[in-house]
Each structure stands twice: as structure tokens, then as C-alpha cells.
């Protein structure tokens, strides 16, 4: 066993002394040692209950003959970090999480690992660490929050964000907004729509690194606790059979994940996170692959923010297994891909009797919301290396549009203009120097997009940025424009009043400026370099690569 490096032999008597100091017995040290990575904290609603999940995991490990040893991981709440300097630290936290787990799991050589994330960057960060360490492992997340209420309707955090713009428009009072804010998020769990956290938790199932039910079983349910116990027991079986993450994460797992991503209408952040995760297994997931899969995979679900339904509705309709079963009908799933159950995807679907129980939530393959997937990759003179849009959340009027550029050098400047009602129908808001390097940190632009929707311009205004978007963003929000402005990308050359052509069906994003003028602008162009005081962000800016590559570190 790997743990023998710190438990066995004459020379390890000092190590055993330290382990005995933890209260462990000789019998416990003779069993496999299982690291339990718990990202619980009292700051993030999606993580407030993870101690309960961890206790269930440890009970499962003990029941199966192992000795669990818990250690912590950080987790940022993107909602709380939104629209201020804190958001610059969110994406970098993904790498910090992966690196810190590598440190702990190498310094203390556990035989197996159980990962307990829930919200945005904790899931990809832990998946990256899992593949990097490549010891028998399983992921069990905290589960989704239930939808809240507002004005007698289902509501979630995005309802509140959009309410800010509604107040400015006079369509809601501040008191009404405060009442909504008290009821929209009713308790623990990752925010209730198909936002980034739930997207990644659902996709962890499709990759095969989490048990069926991981993505949709509610956070506040006894079923979630039972699932955590099963995860603890299951990791012991993976250890016994020596099944490691890289045995599971193959090109077939990549294909399954991207197909499910498109069918579910997941967050555009998956286009950053999946390449970063799969890179740890030596697998290359390019924007071209996303686009290829999107063109031939129908969009079967429209959960919030694209529609009115939530993760609890997806769970009731059969969850991720039902979506995969529907995709399987058209041969879009690799049934022979291995999973942490020890069985293949196909065997899991058959054993579960996976089927859609509500076709209003999960559309049949022959009657999808759209014949193409939820995410589209755009290219053109404004985005030579690509840009990303959640086309399933774009109003029909904005799928093809020529718009007038309104240029802003930061999120704050754009948000101020929106709230001051200086943005008009037909505008394309350009927010630049918000990329991974130039931000630095690639902030999410949820506040501006929610404000656009809140003031009633969601079907009339586009937002284009080298930054990124929340999974809760809806509308013509085109992000990850690459190269970014800080790397000399064309987005840095856009001027106020330029015309921009958006053609999502044709996958085009073009700046309608002739080449001679572009050459003059390039010759006079010097990228803006922001003053950065944080040592972490300085290092991040030096090390990070393009969003087109998942914003991973240089290798």
C-alpha cells in the first residue's frame, strides 16, 4: 500500500508516533489510509453542510475496512466575489486547490482519496488533483440547492441579480428586492440552476469519476448522505481493484462529457474547466472539439438561466442517467467507458433502468430544444483563436446581429454605464483587459449581463469580452475572446462606434473594419498593463495561458 511509506518499517517509528498522536490505533494504521478532502466552510452556502457529507463518507470508508483521514481545501463563492476585486481570485483558486491537494496527498501518501467539492472552482480543481495524483479516488459533491421563491414563482440567485436592474428601471422597489433576496436562496447547496457548479457536478458523473446521482441529488436530502456513504465504501472497492482515475478518464470519457455538456446546456465555464481537467490525464480537448460535438449534439434541457426549470426538476425527470440514456438512443454515448462503479456507462444505465420521466424537462432526441448543443464556438476577425457563447440562452433576435461597439476597459466602467442607462438597443458592449493575463484573473461578468436583462435589453444588446461569464448569465454574452487584449488580440483594437457582426449559427464574430485601418491601429497599439499589487495575481498573470487553452498554467 502507498501509505506504507509513512507507516511501515523500523525507520518509520517516528512517523507512527505522530499518527498515534492523532488517536489512531495500531489496528487503524494496519488498514488502508483514505484521504478525505473536505472543502467545507462557513462562507459559501454550497459548502456550509459539507461536514455532514464528510462524516458520511468517513462512515462508508470505515464500514468497508479503511481508515479515513480528513483534510481541508479552500472554496470561493463566486456570487459573493462578484463585481469587485475578489473575482480576480476565483479562477486562480482552481489551480491553488489542485496544487494544495497535490501537496497534502504527496506529503502524506494516502492509499486512496475521496474529494468533497461543490461550488464553481472547487470541482474542477479537485478533478485536476485527482487525475494528477492518480490513486484510487472518487468525487462526491455537496449537491444542488433547491429553488427559492419570488412573487409566487420559482426563483434563484440570478433572479436577484436581475432584480438590481429592475429596481433601476422602476419595475421593482428596493424593499421588494430585499424580500426576494431573503427567499431566492432557501438553504444549503450549489445555486439551483445549471450554473457552473452544477454543470461541473453533473459532468463529473458523465466523466465517470462520481457515482450516478452526484449531479442532481438535492443537498438537503437524506439521499445525498446515503450517496456520500456509498462513495466512501466505493473508494475501498476501487482500491481493492486498483482502478485509478486515469483508467477511467480516456478519450471516450472526454467524448461523453462534451456530449452531455451540449445536451444539458451547461455553463460556458465548462469550456475552461474540462480542458484543464483532461490535460492532467494527458488528453487534449480543444475548442474545435467542443464545436464539432456541439454541431451534432442536440440541446435537450433548458434549465435556469436559459429556462424556468431547476436542477431539482432535472433530478425528478431522471437526472444525468436519463440524459445519457436519451443520448445513447442516437449513439452519442460511449457505453463501454469505465466508471467509478467498476462498471461501464452502459452497464450503469441498464442497472438503473435509466429513462426520462418528464419530457418537459428532458426533451426526446427527436424533439430537442435545438438540433445543436448549448454552447457554440465563434471565430472571426475579432476572435481569431475563438470565443464562447451559451447559444441556448441567447434570444432569437440576437443570434444574428450587426451591433455598434461601446468600448469599456473594465467591468466596473461597463456596469456603471448600464445602470446609468447610457446603453441603447443595438449596442455591443465591449469589456476588455479582463482576460486571464490582463485582468488578471478573468473575472465573471454576471453583474453587467444581469443588469442588461433586468433593464429589459436582453434581446437587444450584446456583451463581448475577453473575460468570462457566470453560469447564470443569459443573453448574447460572448466571452473568452482570444487572443485577449493584453496579448495583443484584436479586441484591444476595437474603437467606440465600430460595427461588429455576430452570426452564431455561422459561428462568426467579426470586427467590420478594413484591413488597412486595422494595420494602422496595430502599429499604434500598446496593450494596457494594469497595476497589480497582489503577489499571487502577479504570478498568475505570468504563468497563465490563453482561455482558448483552458487558462491553465504554462508547462
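Using N, Cα and C of the backbone, Cβ positions are placed for all residues, glycine too.
According to DSSP, residue 470 (active site, proton acceptor) sits in a coil region rather than a helix or strand. In sequence order, 78, 82, 195, 196, 267, 269, 444, 445, 446, 449 make up the list of same-chain residues 6 or more apart from residue 470 (active site, proton acceptor) whose Cβ falls under 8 Å from its Cβ. If you look up Swiss-Prot, you'll see 470 marked as active site, proton acceptor.
The annotation Mg(2+) binding site is assigned in Swiss-Prot to 78, 120, 121, 444 on the grounds of sequence analysis. Within 10 Å of the C-beta of residue 121 (Mg(2+) binding site) we count 29 further C-beta atoms, all protein chains included.
Among the features that Swiss-Prot reports, [2Fe-2S] cluster binding site is placed at 119, 191, with the record citing sequence analysis. In the three-state DSSP scheme, residue 191 ([2Fe-2S] cluster binding site) falls into the coil class.
Annotation source Swiss-Prot lists N6-carboxylysine at 121. Under DSSP, residue 121 (Mg(2+) binding site) is assigned to coil, being neither helix nor strand in the three-state scheme.
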Per DSSP, three-state class assigned to residue 78 (Mg(2+) binding site):
helix
Suppose we draw a 10 Å sphere around the Cβ of residue 78 (Mg(2+) binding site). How many other Cβ atoms does it contain, all chains included?
28
For residue 120 (Mg(2+) binding site) and residue 191 ([2Fe-2S] cluster binding site), the CA-to-CA distance in whole Å is 10
The answer, for which of the binding-site residues 120, 444 has its Cβ ringed by the most other Cβ atoms inside 10 Å, is 120
Are there any residues at least 6 positions away along the chain from residue 119 ([2Fe-2S] cluster binding site) with a Cβ closer than 8 Å to its Cβ? List them or say none.
44, 46, 47, 75, 76, 77, 78, 190, 197
